[in-house]
2 protein chains.
Amino acid sequence: MALIVKKFGGSSVATPDKMRAIVNRVLKGEQPGDKIVIVVSAMGDTTDDLVSLANEVTSKPIGREMDMLLSVGEQISIALMAMAFQEAGHKAISFTGAQAGITTSSAFNKGRILDIQPDRILNALNDGNIVIVAGFQGITDIGDITTLGRGGSDTTAVAIAGAMNADVCEIYTDVDGVYSSDPRVVPTAVKMQEITYGEMLEMARLGAGVMQPRAVEMGSRFNVPIHVRSTFNDHQGTMIQEAYSMEIKQYMIRGVADDKNVAKVTVLGIPNKPGYAYQVFSELADKNIDVDMIVQSVRVANEGETDITFTISRSDLIAAKEVLDHLCKELGANNVLIDDKMAKVSIVGAGMAGHPGIAAGVFGVLGENDINIEIISTSEISISCLISEENVEKAVKAIHARFFDEH
Amino acid sequence: MALIVKKFGGSSVATPDKMRAIVNRVLKGEQPGDKIVIVVSAMGDTTDDLVSLANEVTSKPIGREMDMLLSVGEQISIALMAMAFQEAGHKAISFTGAQAGITTSSAFNKGRILDIQPDRILNALNDGNIVIVAGFQGITDIGDITTLGRGGSDTTAVAIAGAMNADVCEIYTDVDGVYSSDPRVVPTAVKMQEITYGEMLEMARLGAGVMQPRAVEMGSRFNVPIHVRSTFNDHQGTMIQEAYSMEIKQYMIRGVADDKNVAKVTVLGIPNKPGYAYQVFSELADKNIDVDMIVQSVRVANEGETDITFTISRSDLIAAKEVLDHLCKELGANNVLIDDKMAKVSIVGAGMAGHPGIAAGVFGVLGENDINIEIISTSEISISCLISEENVEKAVKAIHARFFDEH
């Protein structure tokens, strides 16, 4: 007897046939006394179609009306899913975000969940229903409909699981778990049985795409075990949780991630005085441009000037260039250099903290493969190296081989 | 300065272009200080498409989930309409039935409006918004979404106008008002400037299709003037209201309506004893079969038996036949005769009450045209005759000519 929250994404509910497949699977796996909450996204391309419709009407839709429009997608899915369960002979009921008691901030298009009052969900479960909840949406305190932005349905599922103290939140995806690296790049990548919230967050931050960091953070905050598994088979997936549940063989490194959405920016010849570096980064922050790795180097030949190199997302390049060109003049810097053919390769693992040899191992592997490291950054549970984009696959394979294949 | 509720149906908002046309028209007609509430239906075929989707999932959708699904159609319309007004530079905001404060009974698919609390609408109007409200939907006291059934959007518009004490509720349709008869059948049909709620209700009941009786009843209850007018031009339409606003030429007869959805049923040889007729009609009522005109005739040759003839909708024929065949055996009646090629032609007018000659005029016209009258029924403001379907057009034209063309 367990309380289980299951989340199915848009491709899993894209057609009535696929919905029936989910119904069969859920009912087959149901144990006597289980209470099941299902969170679904909009069917297939519904959201894109709605966005196109809005674009036919206006080039600059206001957030509130966009959310009024987009929330419809999940509402269609929940109604049809409830009908599919009823057709299969099981009691079921659908709830919008509002009916599920999900209150969010009034930041339209990117609402944050402030509170969940799951009374109606609980009552419906106690009445023997499978409860279907619309992902990706909530309601403000004055009753406006909001959507949660990217990864919204995962966040809904984990938040409900947290609010109801569920035994597990199952996230069904098109991969069957979290791998030590992208299996399409590294054929020997291994599926992890378990991973900690911290490691998963670091993997996500560093480019591994399985789950949005938001949902993982929510899981960490409420200590909800998240089971990432396949929509298409019954295999055990990967459990994301606070700590390892058993004495599994402790890999020092849990995964190798890469991120190709990286550009390197260098501002040359900034006067080497206090406050100048601050001004660069504060003006970038004002434009919502995230800066990742940073290196500042004083010139040996001219101690009065310094060069600052950092990385940003490639999508922010145009906006950053504008800020920096203007700043160059103001600060009297010499020039701005941009390289948009860079990438970041990272290793992640909570076990590496006590093993200083890991970093040396990474650098050694890259050196053996003639891959130049431009910047290095580290956290307690990760090491990242900025390298040329053309070397990414080689680097990921070599690092993965060094730390996984030898075991 | 006026408070005006305008309702646009599904064909009027079928595409973004048509929505823009409405926006232009509304803004062009806006007077300084006007407060405007717009009620819209789902775009074009949206509702049909949603029904098809449900049918792919289940053959017997549960009402609650069907309403969860169908209410989406109006939600899409209101979001896009609000965007269209915003794009045109006017403040606008959309409200679902729930947000508009519309509480209904929990009779899914045919909810009745119990209460409207228009606080949010009022506040938004006072903030300078044009307010767009989803027609056809409301919410129960526990927060479930309901739809209102046929004519739902008209009912929403009139109910909001009533709750807000609006100056007028404008219903935009594909005809430019209420005519004395169907202009496709009677080319000389005249558009009425004014008609009373009672006359309009009688016209609708007797087969004139412009407005659903529900919305007219709502208008009558709250004394909201309803202006039925064209989506496509600016002509004055027909005002439905409590009484005539001026000394217009008082037609005794306001309109000629016909209804071809009529079947005549005769039960032969019922024992002529008290309670037997009651049993026939109560068992039909139990099956939700509406009986309209009724004639009971005692046979001259056999006073122990009676024949009962009545009319029902053709769509109820199969269900009625089942009830009656069974009853025939039980009551010892002889036989059930059915004629599904009948029709009803009616004249309506509050002015006819004091003019007994009107009925004679109608019967005379039909007689002159060799049209046999099978049953006659009358109300205070109408006279209806059951005739053969093949004679309907001839009858409507002849009656219309008799009472309108002579003036």
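Glycine too: its Cβ is placed from the backbone N, Cα and C atoms.
Some features that TrEMBL has for this protein:
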type    : residues                                                                : note
BINDING : A:Lys7, A:Phe8, A:Gly9, A:Gly10, A:Thr173, A:Asp174, A:Tyr179, A:Arg184 : ATP binding site
BINDING : A:Thr47, A:Glu74                                                        : substrate binding site
DOMAIN  : A:265-341                                                               : domain 'ACT'
DOMAIN  : A:347-407                                                               : domain 'ACT'
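This view paints the features noted in TrEMBL onto the structure.
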residue: A:Lys7; record: ATP binding site; Cβ within 10 Å: 27
residue: A:Phe8; record: ATP binding site; Cβ within 10 Å: 27
residue: A:Gly9; record: ATP binding site; Cβ within 10 Å: 20
residue: A:Gly10; record: ATP binding site; Cβ within 10 Å: 21
residue: A:Thr47; record: substrate binding site; Cβ within 10 Å: 19
residue: A:Glu74; record: substrate binding site; Cβ within 10 Å: 32
residue: A:Thr173; record: ATP binding site; Cβ within 10 Å: 22
residue: A:Asp174; record: ATP binding site; Cβ within 10 Å: 11
residue: A:Tyr179; record: ATP binding site; Cβ within 10 Å: 21
residue: A:Arg184; record: ATP binding site; Cβ within 10 Å: 9
Quick check for you: of the binding-site residues A:Gly9, A:Gly10, A:Asp174, A:Tyr179, which have their Cα within 10 Å of the Cα of A:Thr47 (substrate binding site)?
A:Gly10
Are there binding-site residues among A:Lys7, A:Phe8, A:Thr173, A:Asp174, A:Tyr179, A:Arg184 that sit within 10 Å of A:Glu74 (substrate binding site), Cα to Cα? If so, list them; otherwise say none.
none
For the ATP binding residues given in the record (A:Lys7, A:Phe8, A:Gly9, A:Gly10, A:Thr173, A:Asp174, A:Tyr179, A:Arg184), what is the largest pairwise C-alpha separation in angstrom?
25
Just to confirm my parser: what is the rounded mean pLDDT across the domain 'ACT' (A:265-341)?
87
Per DSSP, what is the residue tally for the domain 'ACT' (A:347-407) in helix, strand and coil?
32 helix, 14 strand, 15 coil
Let me know the DSSP-derived helix, strand or coil state of A:Gly9 (ATP binding site), please.
coil
Need the DSSP three-state call for A:Glu74 (substrate binding site) to compare against my parser.
helix
